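Enquirer: Look at TrEMBL and you will find GLY59, GLY60, LEU61, MET62, ARG81 tagged as substrate binding site. Taken from TrEMBL, the feature Mg(2+) binding site applies to ASP82.
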Amino acid sequence: MLSPSDRSDRICGPAYTVQMVLGSNKDAPKLSAHFVDTASEGSVIVINTPERVKNAVWGGLMTAGAQSRGALGVVISGRCRDLAEHREASFPVFARGHSTLGQSPFTRPSEVNVPLVIRSPDVSDQEFPPVRVEPGDWVIADEDGVVCVPAEKAEEVIGLAMKGREVDARCLEDIKAGKGVQEAFKKHRGK
């Protein structure tokens, strides 16, 4: 994953999903408007690309358009380009990589606000099951990575995250006081 240049970059918001297809795919639906122009204010744009494509699907002009519409950032299961422009705009872009090749003629956007199935390019579906991202699911991203929380599980996940943070804080306190990691984990995590 390519993280933003600023370690403090974080995004958290509802997913606005975009499915890309190969440019040669004549059967897939075509959009009537550019997908950036229909992104909602406060959304996180999530783009899924066909596997193994080498071109970028996001560039500096898209960042400018997304910012002007109030999007919070973009997460790309694929590549981006114009890195300096994203940094200069202070717009968070999370992508698997970057490329000098533009979107056309290699890929094109086909559908928006549809469920996405995002696969890891490095491992099989059995080793690491695909992630399903529904429009409106919560997308949280920082320098460590990206997670997607189904909208209906958001409250539950927030509670679990807060509890985990409290437990880790107690572990850290004990470790800094000289206790062993194993001892702290056993005491606070039950492991």
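Cβ coordinates are placed from backbone N, Cα and C, and glycine is handled just like the others.
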Enquirer: Fewest other Cβ atoms within 10 Å: which of the binding-site residues LEU61, MET62 wins that one? Let me know.
Expert: LEU61
Enquirer: Just report the maximum Cα pair distance in Å for the recorded substrate binders GLY59, GLY60, LEU61, MET62, ARG81, no decimals.
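Expert: If we measure all Cα pairs in GLY59, GLY60, LEU61, MET62, ARG81, the largest is 10 Å.
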Enquirer: Please list residues from the chain of GLY59 (substrate binding site) whose Cβ is under 8 angstroms from its Cβ, counting only those at least six apart in sequence.
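Expert: Expected: CYS80, ARG81, ASP82, GLU85, GLY102, GLN103.
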Enquirer: Around the substrate site formed by GLY59, GLY60, LEU61, MET62, ARG81, list the extra residues of the same chain whose Cβ is within 8 Å of the site's Cβ centroid.
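Expert: The answer, listed by sequence position, is ALA56, TRP58, THR63, ALA64, CYS80, ASP82, GLU85.
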Enquirer: Specify the secondary structure state of GLY59 (substrate binding site) as given by DSSP, simplified to three classes.
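Expert: DSSP assigns GLY59 (substrate binding site) to coil.
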